[in-house]
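Here is what TrEMBL says about this protein:
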- 135-236: DNA-binding region (DNA_BIND)
- 5-118: domain 'Response regulatory' (DOMAIN)
- 135-236: domain 'OmpR/PhoB-type' (DOMAIN)
- 54: 4-aspartylphosphate (MOD_RES)
């Protein structure tokens, strides 16, 4: 019985051969590719639990691959790199890597990191399913959010907005606390994923991507405002629907979540956008 399917993306045959043999002995199913194109084929055709990604591929930069992946996928990724520059480490983590390992590496340490990332992500999946049960439908402007089904629908177009798990969790945390300024630490706690992040900058990157998907003008956001020096504030009025998802687009019974007098304060020395 396998303990998970791992995709190794590296153009060094010695590394892929060694790693695949080692991980198979640990009861993992392993697939290996040497290019970004081959990687895309595997991900489209198979279910993968974790990806070990070399950033120095012959056909595409690994950081670009990781950045694009995070627009529509929450697949756990461990970056494998010959670059030990702190800037590259930070860049990889900010682009959404779950861990960053430099070459040469100790196989047992990499195995421990793989187990940690998989365990963490599986626990988060369980937590998400448990906490979303019975959660009401939330609406703001033309958007309908269903936490149980983990969907955000644009009621005007009738199409779902494609959010990653992290983007959905951050938005859900803000939508449940409209007109409240939330620090980055508070957002991480509310999103139940603090251990997946490495710092404030990572939150900012996810918010930037979220804005591109829901804001009419991401450069001048109307929903998610930045409160400089503090965090973010969700400024739209949120309605809570008490009817089923299938009725949400018809005539939902709604309760306004906005509290009287509750607003996003702008700090004396700060601005918002």
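Backbone N, Cα and C define each Cβ position, glycine as well.
Values in this document were obtained by computation on a predicted structure and should not be read as measured data.
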* Asked: What is the average pLDDT across the domain 'Response regulatory' (5-118)?
  -> 91
* Intrachain C-beta neighbours of residue 54 (4-aspartylphosphate), sequence separation six or more, cut-off 8 angstroms -> 9, 10, 11, 12, 15, 62, 79, 80, 81
* To do: For the DNA-binding region (135-236), jot down how many residues DSSP puts in helix, in strand and in coil.
  => 36 helix, 25 strand, 41 coil
* Asked: Counting by DSSP, what is the helix, strand and coil composition of the domain 'Response regulatory' (5-118)?
  -> 52 helix, 26 strand, 36 coil
